[in-house]
Amino acid sequence: MPEILLGEYLFLRLKQLGIETVFGVPGDFELALLDLIEPLGLSWVGAPNELVGAYAADGYARLNGVGALVTTFGPGELSALCGLGGSYCESIPVLHIVGYPTTPAQKSGKTLHHTLGDGKFYHYQRISSELSCATTVLDDPITAAAEIDRVLNAMVFHSKPGYIGISEDIAYAKVSAEYIDTKLARSLPHSAPESEASAVALIINQLESAKSPILIVDGGAARASWAEHVDPIIQALKIPFLVTGLGKGIADETSPCYQGCYAGAGSWPRSAIGLVKEADCILWLGNYPSDFNTGIFTENLDHCTIIDLQRFFVKIGENKYDARITHVLPKLISAFSSHRPLAQLPVEPFPEVNRHLTVPVSNKIEQDWLWSRLSSYLRPGDLVITETGTAQVGITAVRFPSGCHGWTQSVYGSIGYAAGAAAGAAIAAKEAGKYNRLVLVTGEGSLQLTVQAFSILTRHGIIPVVFVLNNYGYTIERYFRGWNAKYNDIPMWDYTALFKAFAPDVEPQVKGYKVTTAEELETLLSDEAFCDSIVPQCVDMIMDPEDAPEAMRTVFGAKNAM
């Protein structure tokens, strides 16, 4: 029977899951393993540090469905854990592969570098187990292939990160090639047929008997696994629908049924609050009631029946069913595509995007004007990655054009996430043939954490447009406590020069812009050369430190009044 190296087996399994690119940072305990990647037809993208690599793998997985990251034992893997925490929190399946010292070295009793100096090698796996659905450290070639499959199957099933430690010698151990022909789980198995059928029948009954049903597209329940069904269910139901901040970028917002973003008191437009208040039945896809996703718990939903579709269950009112969103949605689409129309209130037309906004009288780049203006700047097919904080709140007031994809890290909220995630997402989009234009919206403080990600973008042929919200500090922290607190200040950078530093070999030359007035920004956004640019661009937007999006002002006003 033919044999293959265990490391080859691992990477071939990743290819079977649909992974084409592996991210990471090289380190001495993984170098032998890394030598196997490209000969197997996978691409390697080296990250400037492990945190950026973890964010990139997360962004890649959100678009591709699954991602992979390779780091070295100890400091390397610990540096990646913040990124993997976000993947765990928001149900993103990323495999973390860690290169371990050889098994004889581990058994030698000698103090090795990258350890904690106590001769024990299990500390880091135990730490990662809190942020993974399954872990293993391969130390026996006889069981290693089965262990790899166990972790990968668990990762796909739970849609959470997995962890595989593999030493230099074990990576080159031989295993039977026959194992590679056994099938991995690529999707969730069906739940109990009777329970699923009961749930579908009751959902149909609830929606058809409702007088004012609505649909809310949220971002929980591993959104990538069911996103493909969202536009078809909207078209089949033909009822008003809203998105949440976490669900932004899934649905086609040019649909006549689109009614804005729901986030409790921070909803946009304000009419979204009334629409939810008047609803007697809500079909809620991937409900994730976190604080920032609900306007800091200012939603009020006690008046209606909620049909909550999750990854492993469906809850209708107080009744819970063994059924799964990925299987229930196609059946609802089929049922409502052939059923009579739902009893419903007429869908009010949503305001058209105003492409000729008046520049504010103050001539400042005011937050609310900015987000309205960006609605007309975006194009169909754009990939929009938004940083946590002010940007993730402001983006809810932007109406995405058709085919525009994107997200923000609403729940975990690690500042600096967006730059790294944008790199990984754009690479996945290019592989899928969906890449058009990458738009990254971030804050100056967040960008300073992971600006090194720009080198990944330019090195791999990605042409980003980066908008930096520069208001001399952290806006959300100001709302929490103290507008003039010293700890809200951050060092000032020349953001217009960043791409010159991180992309010195890009031709033609990269571009940077510093705009201090709304009139200057309007001129730039109206410039065809800027909008059609074929080089990386960074726009440093100087904004009022005390200004904030309306939704943020409203939410924190409500919070402070509690």
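Glycine too: its Cβ is placed from the backbone N, Cα and C atoms.
If you look up TrEMBL, you'll see N471, G473 marked as Mg(2+) binding site. Residues annotated as domain 'Thiamine pyrophosphate enzyme N-terminal TPP-binding' in TrEMBL: 6-109. What TrEMBL lists as domain 'Thiamine pyrophosphate enzyme central' is 203-320. Per TrEMBL, the feature domain 'Thiamine pyrophosphate enzyme TPP-binding' maps to 399-526.
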Residue distribution over DSSP helix, strand and coil in the domain 'Thiamine pyrophosphate enzyme N-terminal TPP-binding' (6-109): 53 helix, 21 strand, 30 coil
Secondary structure content of the domain 'Thiamine pyrophosphate enzyme central' (203-320), with strand meaning DSSP E or B: 32 helix, 30 strand, 56 coil
Per-region confidence, the domain 'Thiamine pyrophosphate enzyme central' (203-320) (mean pLDDT, whole number): 94
